[in-house]
């Protein structure tokens, strides 16, 4: 879509591209991010208060501010502020900007607990096309979603001449109607690397790391900081407090599509034993522009005689879901391997999004919603049982 499709808001130095994400591990903090064209007094401040209050309890936080240059582009001023000690299940208003350019939004930190219901939207490889707009519209039309798990590949700026950085701005405006009101949890994809030696841009992830506060460095061997970080993160998980263990990656480990076939294999070989050992419930991936859901399988037992390995059903293993079907500019990946392998439970070359409804510590309901004209159609669904509390076989 053209830049005119997602214009900046009216008003002098108006804040734009507003998005929020979780700011701490206990659910009482939120990172508020926004962009202004100028770095004037007050443009880096977020003011927030409880919606039901009389306004006398307003609090303000000053953001950290940065900008970056990329080839012939200079970004606006990128602001990130952490608001803390929020009350659970309480609606807050927050306000950005000054004077007549003030903009107001709201957010609600959820109640926490092992049996508290919570619904995630799941999107990957979104981009900013007509199909992308349909995906986001369909997700927002369902009132259930409380946060979005995003499996990488955001703006697709690198698919345009000289990695057109204005596409990052239009993308931020595009997702703002959702991302300003509920947390989007981002994973980085290959389109976030933005490495372009031919135009002198050799710092990987420059736009992404300036715009989004999440881990972004990729690892290619078993001795990197990323490897140690993941081991430490698994140790921190307390399944009595957070029963469901969900992992976001970008390149899928189980993929029966001809596109990007086995590109995640080296990562799978390294990390899959940890996922099985720690009883990961679900792994969401993007990268392949189609939809696929696996059986619970693992591929960690190698045949000593021939050196081959074969995925086998494993009730301690995650379900692997490829959700790179958001609608990006590169189109759908419509060539699957034939016959369909036994580890693949459902696959379809269509755009769409998913909902993961956590019901309690033992059960969750998962649905994939195919884009169809002006509505979303449930094309795949399954009741999931928690691997830690109820490692039993599931049924559709």
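Placed from the backbone N, Cα and C atoms, the Cβ positions cover glycine too.
Features of the protein shown, as given by Swiss-Prot:
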- 1-13: signal peptide (SIGNAL)
- 58: N-linked glycosylation site (CARBOHYD)
- 125, 153, 156, 289: Fe cation binding site (BINDING)
- 133: N-linked glycosylation site (CARBOHYD)
- 238: N-linked glycosylation site (CARBOHYD)
- 260: active site, proton donor (ACT_SITE)
- 303: N-linked glycosylation site (CARBOHYD)
- 360: N-linked glycosylation site (CARBOHYD)
Cβ distance under 8 Å to residue 156 (Fe cation binding site), same chain, sequence separation 6 or more: which residues? 127, 128, 167, 191, 328, 329, 330
Using Cβ atoms only, which residues of the same chain lie under 8 Å from residue 289 (Fe cation binding site) while being at least 6 residues apart in sequence? 125, 259, 324, 325, 328, 330, 331, 332, 333
When neighbour density is defined as the number of other C-beta atoms within 10 angstroms of a residue's C-beta, which of the glycosylation sites 58, 133, 238, 360 has the lowest density? 238
Taking only same-chain residues 6+ apart in sequence, whose CB is under 8 Å from that of residue 260 (active site, proton donor), what do you get? 251, 252, 287, 288, 333
If you measure from the C-alpha of residue 58 (N-linked glycosylation site), which of the recorded positions 133, 153, 238, 360 fall inside 10 Å? none
Out of 125, 153, the listed binding-site residues, fewest other Cβ atoms within 10 Å surround the Cβ of 153
Going by Cα-Cα distance, which of the recorded positions (133, 153, 360) sits nearest to residue 238 (N-linked glycosylation site)? 360
For the Fe cation site given as 125, 153, 156, 289, which other residues of the same chain have their Cβ within 8 Å of the site's Cβ centre? 124, 126, 127, 152, 189, 191, 286, 287, 324, 326, 328, 329, 330
Report, in whole Å, the straight Cα-to-Cα distance of residue 360 (N-linked glycosylation site) from residue 133 (N-linked glycosylation site). 32
